[in-house]
Structure formats: C-alpha cells, structure tokens
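These features come from Swiss-Prot:
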BINDING   27-34, 93-97, 147-150  GTP binding site
DOMAIN    18-262  domain 'tr-type G'
MOD_RES   His604  diphthamide
Amino acid sequence: MPRYKTVEQVLSLMKDITRVRNIGIIAHVDHGKTTTSDTLLAAAGIISQKVAGEALALDYLSVEQQRGITVKAANISLYHEIEGKGYVINLIDTPGHVDFSGRVTRSLRILDGSIVVVDAVEGIMTQTETVLRQSLEERVRPILFINKVDRLVKELKLSPQEIQKKLIDMIVEINNLIEMYAEPEYKDAWKIKPELGNVVFGSAKDKWGFSVPIAQKKGVKFSDVVNAYSSGDKSKVEELANRVPIHEALLETVIKFVPNPRDAQKYRIPKIWKGDLDSDIAKAMINADPNGPIVLMISDMKVDPHAGLVATGRVFSGTLRAGEEIWLVNAKRQQRVLQVSLYMGPTRELAEEIPAGNIAAALGLDQARSGETAVDIKYKDANVGSFESLHYVSEPVVTISVEPKNPKDLNKMIDALRKLSIEDPNLLVKINEETGEYLLSGMGFLHLEVSLQLLKENYGVDVVTSPPIVVYRESIRTKSQVFEGKSPNKHNKLYISVEPLNEQTIELIANGTIKEDMDSKEMARILKEQADWDYDEAKKIVAIDENINVFVNATSGVQHLREVMDTILQGFRLAMKEGPLAHEPIRGLKVVLHDAIIHEDPAHRGPAQLYPAVRNAIFAGFLTSKPTLLEPLQKLDIRVPMDFVGNVSGVITRKRGKILNMTQMGSIARITAEIPVSESFELASELRAASAGRAFWGTEFSRWAPVPDSLLLDVIMKIRERKGLPKELPKVEDFLA
C-alpha cells in the first residue's frame, strides 16, 4: 500500500467526497489517545514525495524523537485502501483536556465520527463520558477502541473467558451512555455491536488490534493474546502485530462505519448551523456542494514560526482557493485568503484549492479565532448565521499576574502571551492600566499551570507569578425602587430601577439561545415561554452585555432619547464592568429605564454627562437591593477506594464544599461534589494525602453562587484592599448628589 503520494493524487481523492472521512480520537487523559494517533501516523500517514526521500530510512516518529518534540499538527491525513479503493482519512486533533466549560469542544464540530479510546483496566471514566456526550450532541458517530488489553493479561492475569466478560461489560456501559445521550433516531443505529465490527480490541503501544469480523477472517482468538503475553516472549507479541496490525483494524472500521462528509452533513448541518436552514448557504452545506458559496468553520488557530497564523478548519460548502475574499461572521471583518494548503501526514503542502467536505489550512485569516465561521464575501451583509456564537459558558475564574524573570524578556513575554491567547480562547490576557501588570485569567488553577508551562516550553519565557486571585461577580437579591441619575451639569436626568434576572434568563443568555442581535419578537416569545417575562417588556430589551446583564428601555415618547440611546447603552456597559462593592464585574442584573429628561443641545448631553448619570442611578439602586458577591464553584468528580471515602469527604467539607452524589462501583466510590474555586488551590496535595495517593479526580467549572453572608464583608474588604480602594464602602447618597 504505497503511502507516497503527490499533492495531485491526494487532491483527486479529496474531490471524490465518498473517499473522505473526518474523524477524531477522544479519550480520558492517559487512556492512549496520543499513542493511538502516533501509531496511525507511523503506519498510514501520507508521505509526500519530498518527505519520502528522507522518511524512507526514518519513520516520522523517530524523526520526532531526534528533534525531541511531538509534532502537534491540527490535523493528520492518513491513507488506507480497501478492496483496491483508496481513502483519505483526516484525523483531527481534539484537545486532551476537558474543555472545562463542558461546552462542546470546537474540534468535534468538524468531525463526522470519533474513535472513543478506553483503557481496558480503568474502564469508562468521567472524561470519557463528558466527551462522548458532547460528540453525540454534535451528531458525531462513535466507534469504540478498547486499548491496553495487554494489561488484562499482564496485570490482572485474566483468562480468555474473563477478558471477554470484562470487555462485554464495558461495551454495555458505553451503549448505556449512547442510549442516554443520543437523539432518538441514532440511539439504536449507533450502538456498539461487536459482531458488526464497530469496536476494536487491542494495544496501541504494541501495535496489534482486531474487530470480531477481522478476528474471524484471520483466525485470531483471545487465547492467542493471552498466550502471546503469558509466554514472556516478545516475538510472540510482534507476530500478533504482524497478523492483525492495529492501523488496519481501526482504519477499516472508520471507513465502514463513519459516513462520508456529504452523507454526514445532511443530518449534521440542521443540528450545528445556527442560521436559517432554508437559505442558499444552508442548502449548499447540506449537500456539501463544491460549487456553492464558501463556508469554512475554523476549529484551530496555530502560530507557525515561519508562516505566522495558520487557520485550520473544515470547508462545509464551496471550494477554498487562494485570493478569495471572505467575511468573518463573528469578528465582522473582511479578509483575504493568501494561501491554501492541505495536510499530508502532519505536514502542510500547498494546494490550488480544497473542495467541500475536506479539511484545509489557510494563511491570511489573522483576525480569525477558533470557533469562527468564514463565508463568501457576497454574504457580508446578509446576517447568514454561524456555527457558534462567540461566548463560552466557562468564564475565566482565576487570575494571576505575570512578569518576566529577566526584565529584558518583557517584549518576548508580551508576544508569547498574545500568541497563547490566540491558540486558547479560554485564556484571557489583560493589562492592568493602573499598575502596568500583565494579568492572565483562566478556567481554573490547572488551566493556568498548563499555560505557564507552555510559555516556558514553547516560547522560552520564564515568568514570576503572583499568588492566584479568584475572580468574583457582583449581584443583587431584591428589586430596587426607581432612582434619579443626574448628569454633572444637572441638565439630563435618567429614571432607572434594577432587579436580579431569574435563573432561566441567565441560562438562556449563557447558552446562546438569547442574543443581543436577534429579532426582538423572537426574543420576547422565548423569554415569555421559558423565563416568565412579560412579552411587552421583553420586546423592549435593547442591550445584553458579556456578563449577562440586560438593559430594558421602558420609556415612551421621551424627546431626544433616540439620539443619545447609544451613549446611554455605552454608559450601561461601562458601569457593568466594575460594580460599586469591589470593582468586580456585575452579573445577572436587569436595568430598566423608565423615563428621562434629555437636554436639547448636543453639547450638553455627551458621554461626559450621560455616563455618570447612568452609572449613578444604577449604583444607587444596586446598593439598596441586598447587594452580594458571587463566587465561582468547581465541580469535582472523584474516584477513590471505599476505605478512603471518610478522609476525602473530610477534605471537601473543610473546604466549604458539599457532596452532591456518591455511588459505589465494586471497591471504588465515585463522589461528585462542588467546592468554591477560592478553596481549591491546595486541593491536589490534600486529596493525595487523604487517599494515600489513590484518588483520581477531574474538575470543571460548575456555576456562580452567592458568597455566604458570614464571609461577605471580609471578602469585599480583602478585594478592596488589594485594589487600593478606600476602606469605607460607598453609600447610596454618594450616587445621588
């Protein structure tokens, strides 16, 4: 099976969409995702003629070992033949760590199928479940690979019958998850059925693997596996790898069970496209039409030291060529594609064009970020929709300040931070204008540790960091009366009340169902049906800011209000960025403008007059409505031997946590709990100590919750002191002068 291909050969395969498969490998940490993709790359990665000369003597992987790096391509293309027909299989990199938001990882959006890797000994873990759920929500078809089967023989010393029982139990567990999370029409069709061949058993490290049909065809039994490992003879294991090579088993299963892009887009576009399904663009995507308008979903932005920013994404419709003018829907920018390339193995090779259904790499889209939708420029003003609105549910909750160890490295550090924040949209980089500090905010302690490690490893920048600071939000618990906000010149008056948004409204905005720019009648209908709003009031929502605060214009017939509305809304957004308690962002506030008196002369009603008027009225209302701070909570998922449950529960309660659920599986307990992020900094070492190092756990952002009243004042004072604010809390009168 020659893998040495010219770009033309690969392109001609890509043009026949029935010969393309887009897949990803998803797994819990350490279950063998990297080993699996490395094994596939070594055995089936397409090698271009240029690389072939060098690569004949050296496998890709040994090239990597010589350079001492792991080639982390956003995509790797593989080649496999079945019955004389060649196929291109795009293996798309999915991030190894759970995207803490539980929000669907962007890379799943461009897959049609996933290989779910499970460790034969550890079984289905939290993350396996999270990622499987996410892929089913995106209508990505799973196939199963039970890896490390050798551990069942070497460590657990099981007999062939016991091995089969253990594997069947695992398949049942995966099928239960599919039954739970898949939509009705896929529940049965996508179940794992060994006799059909959509599950592979094997060892990626030892390079062997088979499905039931392959085992029958080649006459391999589980007793052969047991014998190969029990004998202690390495050549027996190698012989197994020659008889049933893992890459053949996996790629054959992928070609057979994962749909081609055209078949997949028919049922996936209605689920993942957030625009009108009757539009030309949606129809072209549903048919994966290479002659339709260009639609590209960008799933990955990487910084290439030689080429600059490389956008990798899937062409859902049209054909991408260099020189095309395209429109970035979320960034609202026009950009020009300077160069188009395709992936061969892990390397990028220049191409004239990439047709619909395939994965492309493009240069020139430096304003794009992962999650962006790029469309043909002629749809610039058509409000076509996109694959994803730009906010992530998991807002950054922990901040540290960073400075370079060596002051000479300041510019290098700034550049590295900018590149990191492009590659990871959940990482926020800010400069504190007053102190000149560089602040780095992330989804949790672990997330920041990983980012600092990348700074050092990828960019060679050593930094000194401050102790972590937890990010809070300010909010209120009751409704205020109407307050008058005056402008400094006393010529403009705004009459405003505030009240807390209910949980349903917050959820609808957080998950992107309600967006600022949607049709007001549609918004009002959803809010009335799902969040108890009054329809007429909901129609008057004129702004929603990034921290989930809403501005309602309930006035009627106020002179000159139209001309200054934009300024008032700008004032509202600014006020929401720093609340009165501790200058932390405000969250979950409904601001209602009831009436206004606006000066007729534009010179007397500019931002300098209206910003303070808006802010004063909002803050006066805020301080009378039982103000509070919200703190971020983390969800913990812990697996620990039963003997240590008491100790572990003790750690959780000591940290103001609460246990939500506890189940027992054999001798292992699975504990789900919530703890405040502010209490989580020493968590890892304490859990290890409490369980003699035998607890496994994962964390993800859970929700915002009010700080307990007994701690509230203390927390506010500490934040004020850190920010250099006066000790006295502001009073209502301060805003009514």
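A Cβ is built for glycine as well, from the same backbone N, Cα and C atoms used for every other residue.
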Integer mean pLDDT for the domain 'tr-type G' (18-262): 81
Cβ neighbour count within 10 Å of Ala27 (GTP binding site): 25
Secondary-structure category, per DSSP, in which His604 (diphthamide) falls: helix
